[in-house]
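A.B. asks: Here it is: the structure, laid out below.
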2 protein chains.
Amino acid sequence: MATESFPPPSGTRDFLAAEFEARERAFATVRDVFARFGFQPLQTPVFERLEVLTGKYGDEGDKLVFKILRRGEHEATGEADLALRYDHTVPLARVVAAYGSRLPTPYKRYALAPVWRADRPGKGRFREFVQCDLDVVGSASPLADAEVVSALYAALDALGVPGFRFMVNSRKVLMGLLEVYGVPADAGGGVLITLDKLDKLRPEAVIRELVEGRGQFEATASSLVADLTAPDSITRIRKELTNSSIGQEGLAEIDRLLDLLSATVPRERIAFVPSLVRGLDYYTGVIYEVTAPGMPGSIASGGRYDGLIGRMSGGAETPACGGSLGIERILPLLTSAGEKPASALDVAVTVLGDDHADEAFRMAAAVRRAGLRTGVYMGSSSKLARQLKWAAAEGARFCLIYGDRERDAGEVIVRDMTTGEQTTHPVDQVAGSFAE
Amino acid sequence: MATESFPPPSGTRDFLAAEFEARERAFATVRDVFARFGFQPLQTPVFERLEVLTGKYGDEGDKLVFKILRRGEHEATGEADLALRYDHTVPLARVVAAYGSRLPTPYKRYALAPVWRADRPGKGRFREFVQCDLDVVGSASPLADAEVVSALYAALDALGVPGFRFMVNSRKVLMGLLEVYGVPADAGGGVLITLDKLDKLRPEAVIRELVEGRGQFEATASSLVADLTAPDSITRIRKELTNSSIGQEGLAEIDRLLDLLSATVPRERIAFVPSLVRGLDYYTGVIYEVTAPGMPGSIASGGRYDGLIGRMSGGAETPACGGSLGIERILPLLTSAGEKPASALDVAVTVLGDDHADEAFRMAAAVRRAGLRTGVYMGSSSKLARQLKWAAAEGARFCLIYGDRERDAGEVIVRDMTTGEQTTHPVDQVAGSFAE
């Protein structure tokens with residue numbers, strides 16, 4: 001291994017103790033919330049057979065899949081037969097197809113695990129990153145959507161994300177608008193992609209793209225954009241959709257969802273935002289995104305996607321909805337300042353000469369039995385000053401000092417590493433000295 | 001996705017809720033113990049740059065590495081630039097080299113995460129499996145070995161593995177024996193490989209292999225095997241090694257280790273077993289293996305390997321020792337029979353008609369706030385019998401029943417799903433009914 005080749009692969013990270021534990025604490029919080037909502041964990045292998053992934057993410061996505069070379073005599077072919085998972089949705093579809101009726105109905109599952117994408121690494125963009133999905137497969141009920149949104153809300157709340165807010169819309173509202181404005185079916189997808197830019201571009205720029213890029217009439221484009229961006233946007237949209245049955249369905253869906261959520265999500269945290277589009281074209285019903293101050297883009301999102309699971313698994317059409325926490329984007333928003341890393345020692349035990357090692361080891365065992373995180377000095381110095389420095393570097397709250405004098409007296413000194421205060425205890429009662 | 005392609009890739013497993021949670025419980029137990037011993041978690045990426053892994057595992061091992069194809073324009077070359085990690089030792093060596101003095105000294109770390117090997121899958125042999133390693137890098141002290149063994153013991157004890165037992169030896173004892181018996185240095189490795197079979201083959205078969213396969217004299221082979229297998233083997237070996245300085249060093253190491261461990265490992269759980277060899281040739285000092293009734297081979301192992309880290313990282317020679325829990329072999333030994341999977345619901349909430357959905361949802365929210373795992377019925381039936389069946393399938397302890405009659409009375413029925421007993425509570429006090 002050359003000296004210049006020590007960092008982890010491009011776009012990946014090593015997590016040493018403090019960062020690992022901060023992440024795990026957040027993950028445990030999320031898992032607890034999802035479990036409380038009756039979602040079950042699912043863990044799939046890190047790789048899938050290549051044919052399971054191929055063609056699921058479009059041409060651009062397929063290029064970002066990490067493919068695994070065939071092995072043994074087949075390695076020389078340069079062909080791949082496996083690939084690292086790109087998301088948790090395709091593995092979910094495979095599991096639904098594989099286990100069928102052996103899964104609960106509906107199947108409420110969460111997955112909190114890394115995925116891999118060969119994106120160009122950049123600030124906050126990784127090639128190995130954790131995705132956190134929860135989905136309800138097999139229920140068309142608005143209760144399923146409400147449960148997913150409630151669980152996302154509860155998780156963000158439990159994590160302590162400040163000031164986050166849900167925006168809700170329905171694909172059917174957008175379809176209704178396209179219908180009302182006479183946008184031809186085959187142009188609808190492109191128009192939505194352009195409308196999705198309303199949160200980033202000025203309205204005039206979006207109108208220009210609708211006209212020049214999507215072939216819409218100037219009047220249609222202006223009016224559509226005005227409806228979606230006006231301060232009274234919701235009233236306008238409701239009026240526009242009076243005669244669209246799909247539009248009415250969408251509005252009813254949103255009203256029903258907000259109604260159900262009144263028990264779980266505070267009013268000021270959620271709103272109907274008719275301009276919300278969500279990029280992915282597989283959504284069929286309600287859609288939502290969560291924003292938070294200090295983080296551009298969304299920190300969570302989801303919606304109903306009734307066709308996808310059946311299409312991916314080659315089975316019957318299966319109603320489904322789900323959401324995703326952008327956990328890698330959420331972690332930087334959490335304040336863990338001042339928190340002592342959990343990996344710091346409670347008690348550091350000095351070894352002031354080889355002949356004291358046995359007693360030091362025995363004391364460490366006793367203190368550990370009392371549940372304290374304990375380390376024994378293993379370096380080559382027998383100097384107290386050197387060992388106290390080690391204890392401090394380990395973040396220890398207490399240090400046990402046991403040398404010739406203490407042995408002769410059958411005692412041990414307990415040093416409070418913060419105050420420097422020292423108390424003396426009989427050797428066989430040292431564990432008890434931490435009990436208070 | 002073809003219907004025949006639903007299973008996970010060969011040698012890998014999907015973990016549904018019950019199995020996932022049983023595994024996680026065991027992993028959490030192990031992490032807690034290792035933390036109590038002051039070991040820190042380290043998480044490295046699932047893949048490393050190919051050159052970091054290549055040449056580390058010998059020709060046979062290299063063939064089992066899963067290699068990742070280069071991407072984009074380089075994909076067509078059929079070349080790999082990354083590979084899934086094959087163990088936790090090479091990533092540890094890379095991290096030691098990369099972070100150097102920013103790591104604590106000594107660096108006590110554990111890793112509990114999957115590794116991947118393209119072995120032929122078989123009963124109990126997987127291509128994706130969890131390895132659980134703990135190591136102390138940077139200490140030559142026998143306390144380091146004692147800490148690793150104590151932590152392994154405490155983990156096995158906390159997991160509840162029945163009847164396990166440590167066998168301890170030292171590579172130096174074996175080197176001393178080879179010296180005493182006049183085995184030439186270049187034949188030593190082969191002789192040890194053969195002696196390692198004493199736990200599987202009859203002594204005569206081992207003697208024959210020593211003579212025919214390793215070119216040893218019949219008298220040497222017989223006497224060596226007799227020393228290692230006699231009931232008074234330890235006494236014999238001590239006598240044989242009287243004049244071997246390396247042998248004496250080895251015996252002293254073992255005595256020191258057993259002495260230190262008298263505080264943490266019960267005497268009947270650990271023994272000096274001079275015939276223990278351990279296959280891997282990188283060990284330099286004490287070595288050990290743990291066996292348990294009902295599981296052929298070992299369930300944990302480890303030892304001191306002072307040369308390896310420096311060799312792998314191209315740095316200075318670094319003293320190190322470590323052990324590994326064969327966690328995939330241990331899991332089947334644990335009795336979790338009768339344990340209710342943690343993913344089962346505490347409370348199932350019926351929805352007896354759409355007009356009761358809001359109230360059902362509100363009750364679910366209240367019960368969840370009380371910390372109970374709660375699910376709301378999301379199917380299409382409004383029949384109580386059907387919904388009770390769902391509640392039973394979810395493993396729910398209680399079921400909330402709320403229909404027209406209950407609404408009119410402002411009440412809800414709490415059904416104990418085990419006894420069938422039903423009690424009635426005011427709707428707004430339902431969460432409190434689970435408090436006792």
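From the backbone N, Cα and C atoms, a Cβ is placed for every residue, glycine too.
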A.B. asks: If I go by TrEMBL, which of A:ARG71, A:ARG102, A:ARG117 binds L-histidine at the same site as A:ASP87, A:HIS88, A:THR89, A:GLN131, A:ASP135, A:ARG278, A:TYR282, A:TYR283?
C.D. replies: A:ARG117
A.B. asks: What is the total of other Cβ atoms whose distance to the Cβ of A:ASP87 (L-histidine binding site) is within 10 Å?
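C.D. replies: Around A:ASP87 (L-histidine binding site), other Cβ atoms within 10 Å: 18.
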A.B. asks: Could you check the binding-site residues A:THR89, A:GLN131 and say which one's CB has the fewest neighbouring CB atoms inside 10 Å?
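C.D. replies: Taking A:THR89, A:GLN131 as the binding-site residues, the minimal 10 Å Cβ count falls on A:GLN131.
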A.B. asks: Taking the residues A:ASP87, A:HIS88, A:THR89, A:ARG117, A:GLN131, A:ASP135, A:ARG278, A:TYR282, A:TYR283, which the record names as binding L-histidine, find the longest CA to CA distance and state it in Å to the nearest whole number.
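C.D. replies: Looking at A:ASP87, A:HIS88, A:THR89, A:ARG117, A:GLN131, A:ASP135, A:ARG278, A:TYR282, A:TYR283 as a set, their Cα atoms extend up to 22 Å apart.
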A.B. asks: Near A:ARG278 (L-histidine binding site), which residues of its chain come within a Cβ-Cβ distance under 8 Å, counting only those 6 or more away in sequence?
C.D. replies: A:ASP196, A:ILE287, A:GLU289, A:SER301, A:GLY303
A.B. asks: What does DSSP call A:GLN131 (L-histidine binding site) in the simple three-state scheme?
C.D. replies: strand
A.B. asks: Look up A:ASP87 (L-histidine binding site) in the DSSP assignment and report helix, strand or coil.
C.D. replies: coil
A.B. asks: May I ask which residues of the same chain, at least 6 positions away in sequence, place their Cβ under 8 angstroms from the Cβ of A:TYR283 (L-histidine binding site)?
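C.D. replies: Listed in sequence order: A:ARG171, A:GLY303, A:ARG304, A:TYR305.
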A.B. asks: Give me the mean pLDDT over the domain 'Aminoacyl-transfer RNA synthetases class-II family profile' (A:11-336), rounded to a whole number.
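C.D. replies: Summarising the domain 'Aminoacyl-transfer RNA synthetases class-II family profile' (A:11-336) by its mean pLDDT gives 93.
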A.B. asks: State the three-class DSSP label for A:ARG278 (L-histidine binding site), counting H, G and I as helix, E and B as strand, and everything else as coil.
C.D. replies: coil
